[in-house]
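Encoded as structure tokens, the structure appears first; notes follow it.
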Amino acid sequence: KSSKREWKPLEDHSCTDVPWLLLFIIFCVGMGFICGFSVATGAAARLLSGYDSYGNICGQKNVKVEGIVNSGLDLTHKKYVFFLDPCNIDLVHQRIKSLALCVSACPRKELKTLADIQKFAETNGSTLCSYELTPSEYTTDPRAAKLCPKYPVPESAPIPFFHRCAPVNISCYAKFAEALITFVSDSSVLHRLISGVMTSKEIIMGLCLLSLVLSMILMVIIRYISRVLVWILTILVILGSLGGTGVLWWLYAKQRVSVGVVETQIAKDNLHALLVYAISATVFTVILFLIMLIMRKRVALTIALFHVAGKVFIHLPLLVFQPFWTFFVLVLFWTYWITVLLFLGTTGSPVPNEEGFVEFRMVGPLKYMWWYHVVGLIWISEFILACQQMTVAGAVVTYYFTREKRNLPFTPILASVNRLVCYHLGTVAKGSFIITLVKIPRMILMYIHTQLKGKENACARCLLKACICCLWCLEKCLTYLNQNAYTATAINSTNFCTSAKDAFVILVENALRVAAINTVGDFMLFLGKVLIVCSTGLAGIMLLNYQRDYTIWVLPLIIVCLFAFLVAHCFLSIYEMVVDVLFLCFAIDTKYNDGSPGREFYMDKVLMEFVENSRKSMKEAGRGGGAEGRELKPM
């Protein structure tokens, strides 16, 4: 007798991995403690209201800091932070290297001399020089050269909710970007790139919206023509690749003729960018053709699963909106996390620095709280993504193992969310923690590799990259296994380890089919992403081409293509998830059922046709005694 436990889809539900849920709740309480501690120690007031270089919080009365002059002032009427040299940015310590003061108003126009600064103070009552100078001393006191702003003082405006005076002109930010982008040797190139983005911002927003619409249209197309989707996508990608490559070479030839007539730096930059784009598109098209030629025959089961996945989206239309909810929750959490991180940056006790000004620093064990906060970012983000995987898995499992589709719950998505919250949050917490354990070492090694870039020897560099690559591969494998473990949990309501073991056994038994699904299926979905990116990029080329004479559109086009790929990935990843869940359900169905009375299949007719065709192929190959008969053996 077989000692293996049989699968009983959706027959009972029980709580899984409760200790891990308790551990996750305790961890979240710790995250809340960090937020509460930073708020209680005044970090929230210092972040929102701002503080000067002497430790005074703007807009309120302050307590004297021992040993610091100009501290403990009443700044009730001075609500804005003003930096004497706002463009002097220290990238190493990640701060503005300038004296900060609290002022009653930001300079709304450029002040070119000390006399203008003095007139501004007398007119608006906002003193832009240090507290020890009165407005009448701005033009007479020799200390004004150090205690007054570096002029010309740029036009500034207060940042909403944060009471900081920020320069209106983007030239200051361009200088900051020059410091970050070290490969740009000519600052004029960077200025032209930024101006190109600013000039084309309406086109960029329109193209981003186009990519979103195209992704939605592709999801609708998948629902209705899934049987021929693979071949349609293949043809469209071939035409899109050839068309995009041909258009790029045509534009390059046309631009080359026009550059010979009117030679400008912008025209030369655009010509060089077009040549790079055209060569890259040609290489990409050739590689794409070779891959499609190799994989053209391995699509039978993939087409069947795509067809059933299309039916799933017809019965469960709310699946299309899963990326929106997940993205919305992630944005809310990331906003909270960044806010608390900013709180931590201003938490602590006032300590004089080497320049005689005040800095807020945490001492003792509390200074390591930000490590706990970083782990929280990874674990909770992975937890949110895992909740999406479990929700999708639960809904698709309900669809697959319900024989009469008319008996489906009114909203299978909400039913799946209800099961997740009531029974399986501990499983999700455990699975996301495993991914966190792999991701943190990889991020640490990447940080070390970045810090040692150019300093380590070739052997150390190779070893670091090998470790990073291995951890990345392990993370991807565990992510795939976790997703199948969530599916097994949704089917049998077992804990994470049992579900992962059961799912792994099923996947190993169907290794060849797993390889086919994860190559052909994922490649087809990748072609869908390529189609959206190519379509959006082609539209961007045609629209931005009209601005080629007065702006550089290299950076706008890159921004648009990256956004298009991100949107396409968010939508098609749901489809990929549905196909993977369907495959595991299909493998379990064919393993424990054979279509006989009492052991009827749950599968759709399309998948049943595939099984029958496989059996016929196996019988024919079996009579021939070929090796392919064993490969096509039904699961």
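The backbone N, Cα and C atoms fix where each Cβ goes, and this holds for glycine too.
TrEMBL entries are annotated by machine, without manual review.
Just so it is clear, the model here is predicted, and its values are computed rather than measured.
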The annotated transmembrane segment range in TrEMBL, which must be one of 457-478, 523-544: 523-544
Chain residues outside the transmembrane segment (368-401) and at least six past its termini with a C-beta under 8 angstroms from it: 9-10, 24, 27-28, 30-31, 34, 37, 312, 315-316, 319, 322, 325-326, 329-330, 333-334, 337, 340-341, 344, 362, 408-409, 412-413, 415-417, 419-420, 424-425, 427-429, 431-433, 435-436, 439-440, 443, 482-483, 486-487, 489-491, 574, 577-578, 581-582, 585-586, 589, 602-603
Selection from 20-45, 228-253, 274-294, 327-348, 523-544, the stretch that has most Cβ pairs under 8 A to the transmembrane segment (203-222): 523-544
Same-chain residues at least 6 beyond the ends of the transmembrane segment (327-348) whose Cβ lies under 8 Å from its Cβ atoms: 31, 34-35, 37-39, 41-44, 46-47, 51, 360-363, 366-367, 369-370, 373, 376-377, 380-381, 384-385, 570
Recorded stretch, among 20-45, 228-253, 274-294, maximising Cβ pairs under 8 Å relative to the transmembrane segment (523-544): 228-253
